[in-house]
């Protein structure tokens, strides 16, 4: 957990295995590594993949172009053994980048060496239509159940709550009550965007783990609610905010009354956080509540609002931190239950 913004795990590639620090990304299919042949400044300080040092390497050779938060690169597709959580995934395809440019980002730091893409196997959006690690686990029958369980951690100063990711198993000590299932939504955007994947990447509405969004409320009476029928809500472990439709954004902005910081995002003074309303999401007929300490992101100069002027809904890490999340490919559903160990006293 990096400042409650980015969540990583360690994966190992090759034989003998070499460790790579990777964001857990449930909205992405593609996996990449920096190649030892890369001499660009953007590759320095990262673990780099050496195909000649791995006994299980197989060079696919397909040209590859790739863009991810803060990086843009070219290379080719490679194939090797991926090891994670005691599982050996044979012949995993990934982008091996030998030319990389760093792109400035606002909140993302570049402290990673790869990506662990965990989009659903049947809807995975891949730039080259290759299977992601979860799809490979399913195809190779490596799991007792084709599910992923994720609990994101939280930090505040020296206090830290660890996160956890399980493949095919569950840790009942990480949640309270019974896990609620929400069926995956089959609603997608009509336009897949520019056909050049290097320029656009996956379209937001065609994101993988998505559920039906029915409504959002933030108060006691009916005027304090918004009907989200027709919208889908995408779960996203690399998005640091909650993104809401523009009309909801403006209504909540009137209530929150954030301060404006030039060239930055709207913020709310830390002393006023507890005056903000609770938010209750209706997802597939199930209700999930976030308090102001959950959906506000604490920074050194205050708390950032986590809304934007968009026409779809993304439930990023502020939502996912509060719940134990079950990504169930067999049942085509997402399961959520309250995750009590991420509640730290902030401000």
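Including glycine, each Cβ sits where the backbone N, Cα and C put it.
Automatic prediction, not curation, is the source of TrEMBL annotations.
Per TrEMBL, these features apply:
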DOMAIN    7-337  domain 'Peptidase A1'
ACT_SITE  25  active site
DISULFID  38-43  disulfide bond
ACT_SITE  236  active site
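Recorded features from TrEMBL, shown on the structure.
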residue	record	Cβ neighbours (10 Å)
25	active site	22
38	disulfide bond	21
43	disulfide bond	22
236	active site	25
Q) Cα-Cα separation of residue 38 (disulfide bond) and residue 236 (active site), in Å? A) 30
**Q.** Mean per-residue pLDDT computed across the domain 'Peptidase A1' (7-337)
**A.** 78
**Q.** Cα separation, residue 25 (active site) to residue 43 (disulfide bond) (Å, whole number)
**A.** 21
